[in-house]
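Q: Okay, so TrEMBL annotates it like this:
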- 7-30: transmembrane segment (TRANSMEM)
- 57-161: domain 'Ig-like' (DOMAIN)
- 167-261: domain 'Link' (DOMAIN)
- C213-C234: disulfide bond (DISULFID)
- 264-357: domain 'Link' (DOMAIN)
- C309-C330: disulfide bond (DISULFID)
Amino acid sequence: MTERMYLLNYAGGGGVTPFIMNCVVILLLISRCFTWSSALYTPERAASKKLKYLLEPPVSADVTGQRGDNVTLPCILRTKPSHYKVKWTKTEPEKVGPENIIMISNAHTFKPYGHLGQRASLRKAHAMDASLQLGRLELEDEGTYRCELVNGIEDESVTITLRIEGVVFPYQSKDGRYRFNYQEAKEACATQDGTLATYSQLYRAWTEGLDWCNAGWLHDGTVHYPIIHPRPVCGGELPSGIRSYGPKDKNNDRFDAFCFTSQTSGSVFYIAGAFSFEQAGRTCKNQGAEMALVGQLYAAWHFRKFDQCDAGWLKDGSVRFPISNPRERCGGIPEAGVRSFGFPDKNTHVYGVYCYR
């Protein structure tokens, strides 16, 4: 029997129907929002937002780091009240429940809270410095942080954006397309050294070349897919952009996943051979390593320009290879990327192996 292998890259196949909104409805919503916002805006409200105690962070205050880095989120006092406290929180609009407090401090001491608080401290470079230091950055740390000064009944705040440098990769179940509910997608990303991507991360990936015609879950429970080259099976009548299915039923609706990962502390390497899946695992172990995860291979390709024109097993049972320098005999696809052969039979197919150490 002749067997066919299908090579997938960022320009993946699979038809989906984009979510299309009626233009009239959009215009009406915009009109209503504008009217409502205008009614709320007054010069007095604008003036009340002028900072008295805190310095407005410059545009450059947006902070970028990789997983494992230590970063500082700036917050500087303009003047110091006699009695005050500073509260650092991470804002999470989609989260229901109490706010995510990281730290509360005053002129004399501070108290950390929660998981982030365990890795946080105050910089205290000078008497007016309330900047927050975060150590050993994790994938989930990306987002918006608020530094709030509370002085009796007065309070004011500034916000800082923290961005984790990384790469978004589409991930599909070994059982085929559109098999994950939201929780399963979240767990699938975690098993591959990643987390569900945010919309901002997917948008950045799209601007960097991600073109994928299968819809996937994002961190906020919405479903999207990025298209650079519109084609008939991928909403070809629409311009390039992020196609949206909007919020879906997290328990019953099923899609693929868009995962996000960042720099790793170890390295990925390839061992040539003709191994079954089980033999591949033993081969890595003999080298003091483990079979690489999908996220680890993507991180090696993205951050270290890993280029290997040889298919190899990964820990999830898929077979892939990373290409940073596209050429005709390495998949025949003009864009750089991680090529995939899917999930071949673990016993009857033989390949090399990608290990992580």
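Each residue, glycine too, has its Cβ placed from N, Cα and C.
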Q: Cβ atoms within 10 Å, counted per site: which of C213, C234, C309, C330 has the most, among these disulfide-bonded residues?
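A: Most Cβ neighbours within 10 Å: C234.
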Q: Just the number: how many Å between the Cα atoms of C330 (disulfide bond) and C213 (disulfide bond)?
A: 22
Q: Measure from the CA atom of C213 (disulfide bond) to the CA atom of C309 (disulfide bond) and give the result in Å, rounded to a whole number.
A: 24
